[in-house]
Amino acid sequence: MTRYVGLIPAAGIGARFGAACPKQYVKLAGKTVLEHTVSRLTKISVIDLLLIVVAEQDDYIDSIYPAAALPAHVHILRCGGATRAQTVRNGIAQAQQQFGLQDNDWLLVHDAARCCVSADSVQRLLAATHNHAVGGLLALPVADTLKQADTAQHVCCTVNRAGLWQAQTPQMFRAGILARALAQADLEAITDESSAVEMLGLAPLLVSGDVCNFKLTSAQDAMLATYFLQQETGE
Ligand SMILES: Nc1ccn([C@@H]2O[C@H](COP(=O)(O)OP(=O)(O)OP(=O)(O)O)[C@@H](O)[C@H]2O)c(=O)n1
Ligand SMILES: C[C@](O)(CO)[C@H](O)COP(=O)(O)O
């Protein structure tokens, strides 16, 4: 039977965020970013295995999730890599060995840093892709006019935004396709799963996401994320 497996890359250092700890461990609306993200994905009932991939030397995770604190289908893997793509590749490899991840299983890769993802948007992705030959990702059509900057940060041209989308996560692919794509890709160069799959000559489906599913990247994002999180908890 095909499984739906969630994989949360949570091994970054949050350099652009600039906090004293990696941004996935920053507290917003009473819980860490990671706890919010995990809580949202555990609400997706079709996901029957959820893997949190942290850095091998992660000093934070055990205090947040003491051994018995996680639901039975949620597991922590200490195999994060130097890049996000390496973290995902390492997580897939360990999932194959430790949890019998099969090529036909669906894998939903979701950034720990996207802690405001809505269950509705994940359900839209699941509904749109569960019979799709390749898989797909949540994304937003570009709404602003886009400028290409020169080295002096002056406008050198305006980019035609027609047909341009901003990729979000989850990005959902059959485990076999994604494993093959990541085995062939330059893991220092790609910044999402879809780009590796595209390099196989495949065309992932774009599924409309939500503006609240933005990625916590710099410190100024914390206020907006807190706002969205408080809407959810009604605080
Ligand atoms: N080697 C890495 C780098 C990133 N990530 C994860 O990938 C997601 C998106 O990456 P990004 O926003 O770039 O996070 P950081 O790499 O931590 O941020 P920065 O680039 O500012 O250091 C985050 O949840 C991050 O924890 C990861 O698992 N392994
Ligand atoms: C995967 C991603 O969130 C899609 O927009 C984005 O590519 C991650 O980029 P980052 O530089 O690792 O944050």
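Every residue gets a Cβ built from N, Cα and C, even glycine.
What TrEMBL says about a protein is an automatic prediction, not a curated fact.
Per TrEMBL, the feature site 'Transition state stabilizer' maps to Arg16, Lys23. Summarising the annotation, TrEMBL assigns site 'Positions MEP for the nucleophilic attack' to Arg161, Lys215.
Here the features listed in TrEMBL are placed on the structure.
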residue: Arg16; record: site 'Transition state stabilizer'; Cβ neighbours (10 Å): 12
residue: Lys23; record: site 'Transition state stabilizer'; Cβ neighbours (10 Å): 29
residue: Arg161; record: site 'Positions MEP for the nucleophilic attack'; Cβ neighbours (10 Å): 13
residue: Lys215; record: site 'Positions MEP for the nucleophilic attack'; Cβ neighbours (10 Å): 17
Q. How big is the gap, in Å, between the Cα of Lys215 (site 'Positions MEP for the nucleophilic attack') and that of Lys23 (site 'Transition state stabilizer'), rounded to a whole number?
A. 11
Q | Cβ under 6 Å from ligand 2: qualifying recorded sites of Arg16, Lys23, Arg161 | A | none
Q. What does DSSP assign Arg161 (site 'Positions MEP for the nucleophilic attack'), in three states?
A. coil
Q. Looking only at DSSP and grouping its letters into three states, which state does Lys23 (site 'Transition state stabilizer') belong to?
A. helix
Q. Any idea what the Cα distance is from Arg16 (site 'Transition state stabilizer') over to Lys23 (site 'Transition state stabilizer'), rounded to a whole Å?
A. 9
Q.
Going by DSSP, is Lys215 (site 'Positions MEP for the nucleophilic attack') sitting in a helix, a strand, or coil?
A. coil
